[in-house]
């Protein structure tokens with residue numbers, strides 16, 4: 001008897017395990033409804049609110065990270081004060097190439113089978129995907145405040161171990177090449193005199209004259225020296241590899257050094273890019289712009305900035321006076337381009353003002369397609385521009401009987417074409 005009971009109990013457990021093989025089978029597969037990454041989810045909510053929709057009214061589709069395009073560009077931000085009015089400007093270079101890149105913010109942590117999120121031993125670093133500015137040259141006198149550059153290399157032209165640098169003072173005549181910087185910004189506002197001495201349309205002569213006056217003011221002991229903040233540089237190097245043109249290092253304090261030129265009278269020319277040539281404006285004066293001596297007056301961006309400044313100043317550009325630069329920042333940015341769609345149910349009030357033919361069914365839902373250009377800032381994605389797109393153009397096809405009013409061919413008027421000598 002006891003043996004039969006054990007057989008029945010064993011058979012019952014076998015049936016139960018066959019029907020319910022595991023408790024995890026009651027949990028829906030994560031691949032069936034893949035969750036959005038937190039950055040994309042926050043981006044979706046901010047865009048829906050920015051468009052004026054409520055989350056309950058619309059159905060949002062898209063935002064598939066597999067279709068996201070990633071590109072790098074350079075942004076320019078300026079705040080000018082003219083006649084006690086602050087005018088902010090934000091310019092962005094065109095992205096040359098869009099790619100499918102799996103950024104760290106696109107990754108979603110999936111819970112394990114026991115429902116617990118695995119603990120990460122080390123946070124994934126995104127330094128490998130951070131964009132950097134092209135190498136550029138800076139000339140003294142000025143001071144550089146270094147940020148996020150613990151492993152910065154100092155070459156004068158030979159490598160020098162100066163520890164972790166926080167501040168570098170460039171003496172008059174010292175020129176260094178900065179590589180790997182993520183952004184460069186102005187630390188203090190500066191006053192620039194007017195008028196703009198514009199003499200040629202092929203050169204940014206107005207900005208060059210402003211830069212020259214600013215350089216002369218920086219050499220004055222009574223005027224404050226120009227101060228810049230550089231984020232994330234990987235190296236500061238002498239522009240010349242010759243030992244006769246090397247820079248002299250002077251340690252002033254922990255994290256503070258001064259670089260001065262051994263041959264102050266000699267001008268170091270730009271060596272960035274084999275095709276780059278320095279344009280001579282006069283036999284004795286080069287058109288390189290201080291303090292960024294790696295660009296000259298024929299630079300396309302510099303010409304664009306001068307035209308923008310001239311249009312903003314208006315008649316004041318030719319009058320005596322001054323204006324302030326409160327903020328100036330140049331940064332390498334990562335941008336993302338992704339598409340999405342919004343579907344909204346229409347009410348009677350939404351369709352009343354629209355005229356539809358009698359044969360056409362009035363729409364019940366409205367579908368709109370958008371494309372968003374967003375900036376990747378650390379772990380966040382900030383929308384910059386949302387543009388509506390029409391992926392498929394709509395065309396109305398009307399039957400012939402609808403156009404002719406359902407009239408038979410026998411009742412249509414006979415129209416004879418004019419005779420032609422080539423007709424048989």
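Cβ from N, Cα, C; glycine included.
Quick caveat, the model's predicted, so the values are computed rather than measured.
According to Swiss-Prot, the signal peptide annotation covers 1-25. Residues or ranges marked as N-linked glycosylation site in Swiss-Prot: 197, 296, 406.
The CA atom of residue 197 (N-linked glycosylation site) is located 16 Å away from the CA atom of residue 296 (N-linked glycosylation site).
In the three-state DSSP reading, residue 197 (N-linked glycosylation site) counts as coil. Between the glycosylation sites 197, 296, the minimum number of other C-beta atoms within 10 Å of a residue's C-beta occurs at 197. Classification of residue 296 (N-linked glycosylation site) by DSSP places it within a strand.
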